[in-house]
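> According to TrEMBL, the protein carries these features:
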- SER681: active site (ACT_SITE)
- LYS724: active site (ACT_SITE)
- GLY260, PRO261, PRO262, GLY263, VAL264, GLY265, LYS266, THR267: ATP binding site (BINDING)
- 472-489: compositional bias 'Polar residues' (COMPBIAS)
- 1-105: domain 'Lon N-terminal' (DOMAIN)
- 472-492: region 'Disordered' (REGION)
- 533-560: region 'Disordered' (REGION)
Amino acid sequence: MVEEDPLTVKVDHLKEKPYNKDDDVIKATSFEVISTLREVLRTSSLWKDHVQTYTQHIGDFNYPRLADFGAAISGANKLLCQEVLEELDVYKRLKLTLELVKKEMEISKLQQSIAKAIEEKISGDQRRYLLNEQLKAIKKELGLETDDKTALSAKFRERIESKKDKCPPHVLQVIEEELTKLQLLEASSSEFNVTRNYLDWLTVLPWGNYSDENFDVHHAQKILDEDHYGLSDVKERILEFIAVGKLRGTSQGKIICLSGPPGVGKTSIGRSIACALNRQFYRFSVGGLADVAEIKGHRRTYVGAMPGKMVQCLKSVGTANPLVLIDEIDKLGRGHSGDPASALLELLDPEQNVNFLDHYLDVPIDLSKVLFVCTANVIEMIPNPLLDRMEIIAIAGYITDEKMHIARDYLEKNTREACGIKPEQVEVTDAALLALIENYCREAGVRNLQKQIEKIYRKIALQLVRQGVSNEPDQEALSVTANEETSSGDGAAAKDEILKDSAAEDASVTNNIINPASEEANEVNLANEAVVHEGHTTEAPKEDSVSERKDTDGAKEGAGDKAIEKVVVDSSNLGDFVGKPVFQAERIYEQTPVGVVMGLAWTAMGGSTLYIETRRVEEGEGKGALVLTGQLGDVMKESAQIAQTVGRAILLEKEPDNQFFANSKLHLHVPAGATPKDGPSAGCTMITSMLSLAMGKPVKKDLAMTGEVTLTGRILPIGGVKEKTIAARRSAIKTLVFPSANKRDFDELASNVKEGLEVHFVDTYSEIYDLAFQSDSGTETS
């Protein structure tokens, strides 16, 4: 640079070093450059344009310009071209150019081979597919990307690598064989997709992966008690399972079946058990299941084949020792594609499920660590071979005291939160809950009780909203600027506290509670409000309501807040929320008349009491006969025939001159004629009813009985002891008669179920006769 303004520079033109034009080495090198350029020009039409442009402007041809031309059209990077440009030695410059042109020729040959390989593989009219294949081939040559099969194999190998130590050898062998098979298959073939899906299932299963179990008995007891009230049999069995696992250091799988009426908590306790054991939880219902493939899987030869539920379960939970809840196992179907109950035999057999074979996987799976919990309403519907594999735990249902605890501690709390109601805004008294249970929700479970409580709280929510209550955040506080959010939030919280204190203070002072379901309210803001004064409903004067509303409006305008009266639900206004009582008193007679005796029955919904009524229709010499009504089943009709025979024999023994049965046409009826009834346990009740009519004596007050009777007067055992005892308590029965063989069943009942009952266990009907008509002598009393 000579000077900057204007820019002036001194230029030295570089000249090549002198060289001998006749030098054989330079000639040979230049000829090789020309020869290589010709080969490249034959393969690439693009370079022909470069040559034509060069020949028009090149002028005299010489060796340095040949070197520059070769480097210029070689396509090499700038540094290599600059290196050629800076070389002043002609021989060295030709040598550098020759290297660049040779590289270009190799690239051209590689391009030709790639194009040729692709053209042989696919047809020429698939242009788009051709371009994609060329791109893949180029990337593969450069090592930038692998093909689909290699990537799939790498993914499957990576999955199984972490499980190699725990995975059974026969499974690893199958996986290796399938991976080898995958590499030989074309990606477009149907077999490729089948193999890929098969490998996907095989590698995703948790082979040998077990969750760490919690063997703390006290922790498990706490969790079970928090979620469920009662169910002592189930909880005790789970604690035994944990205790055995703690002593052994490991736990084995078990098959437990919880049986009982709907709504007693069979399904919901499964999740609590899983939480107590620290196991993963999986539930599937088999109600109405008619396809064996749902249990055992489809064979891979079918299109869209899938594994069975157990394999899907293991994939979902990710551990090999989950808790699996099989719901509604007594409602299994049976279709044209097999019997699922028979397929469950292998799954629920501890001796067989160590090597459970799924049709899809076709390799044995170890299910011995899985804890199976099944639920059923009626175990008689379960096939005997399947029932034999399960440990039955019967859940009879809840008595009134237990329902009170459940409603107060669980159902009411959850429903209140679900409805967005605060505890200080509502009060449901114990008397209301008791009336709700006894008059609306007599079934063994608590599902209907939950529905009724939800109904009450929905009506309360509507009443609170109509009064102007809103538990949402203040809208004004949500619209403030970012700088004022903190202070405004504190002010809203303080305002909310003032409202709560005001409402609590007002509720403690006044006894006037607003009835939330008053039928007297009209469209003009509930002008005629019904208020409750110490349990008595009266209608407030219209003028007072108007003045009260005016005062309230004034207070609202002045202070901006309104103290809301607490809504109280009592037995006196319960009907306003849930309507008329569904159940009437089962006990029709305070003192049963002659010919009427109370019996005890078992139903799928729990226990109930029923009356056996006998009346004489016609009297005359040799007119002895028996008419039966009440929609009785065949077994119950036979029991009535047996009862007549046994009653006739006993009457002949007690009163030989009494010809009642020989000369009387009797009509025996069991009330609730729309309800089908069957079973043998009403035998002793029918005999007592007939003898009461024959002798003209009513039976002992507050007495109920159950038991099957034989022709010789023996009393055989019956089922449903707990349900029948609960039904007797509900009807305020004080004296019960059970067969002696059921004494152990009764002794196992909880103390609160047996409390206050006088129970007699008998072997023969003579003992019942003495108890019902004379005295308690000769009977065992608890």
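Cβ coordinates are placed from backbone N, Cα and C, and glycine is handled just like the others.
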> Give me the DSSP three-state residue breakdown of the domain 'Lon N-terminal' (1-105), ordered helix, strand, coil.
67 helix, 2 strand, 36 coil
> Suppose we draw a 10 Å sphere around the Cβ of THR267 (ATP binding site). How many other Cβ atoms does it contain, all chains included?
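Here the count is 17.
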> Within 8 Å of the centroid of the Cβ atoms of GLY260, PRO261, PRO262, GLY263, VAL264, GLY265, LYS266, THR267, which other residues of that chain place their own Cβ, given that this set defines the recorded ATP site?
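For the ATP site, the extra neighbours are LEU258, THR375, ASN377, ILE395, GLY397, ALA444, GLY445, ARG447.
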> Between the Cα atoms of LYS724 (active site) and SER681 (active site), what distance do you get, rounded to the nearest Å?
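SER681 (active site) has its Cα 11 Å from the Cα of LYS724 (active site).
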> Grab the pLDDT values for the domain 'Lon N-terminal' (1-105) and give me their mean, rounded.
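On average, pLDDT over the domain 'Lon N-terminal' (1-105) sits at 79.
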> Non-local Cβ contacts of GLY265 (ATP binding site) (under 8 Å, 6 or more apart, same chain)?
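Expected: HIS228, LEU231, ILE395, GLY445, VAL446.
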> Judged by the number of other CB atoms within 10 angstroms, which among GLY260, PRO261, PRO262, GLY263 is the least packed of the binding-site residues?
PRO262
> Any same-chain residues 6+ apart from SER681 (active site) with CB under 8 Å of its CB? Would you list them in sequence order, or say none?
GLY599, LEU600, ALA601, TRP602, THR706, GLY707, GLU708, ILE718, GLY719
> Using Cβ atoms only, which residues of the same chain lie under 8 Å from VAL264 (ATP binding site) while being at least 6 residues apart in sequence?
LEU231, ILE395, ALA396, GLY397, TYR398, ALA444, GLY445, VAL446
> Counting only residues 6+ away in sequence within the same chain, which have a CB under 8 Å from the CB of LYS266 (ATP binding site)?
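The answer is LEU258, SER259, GLY260, THR375, ILE395.
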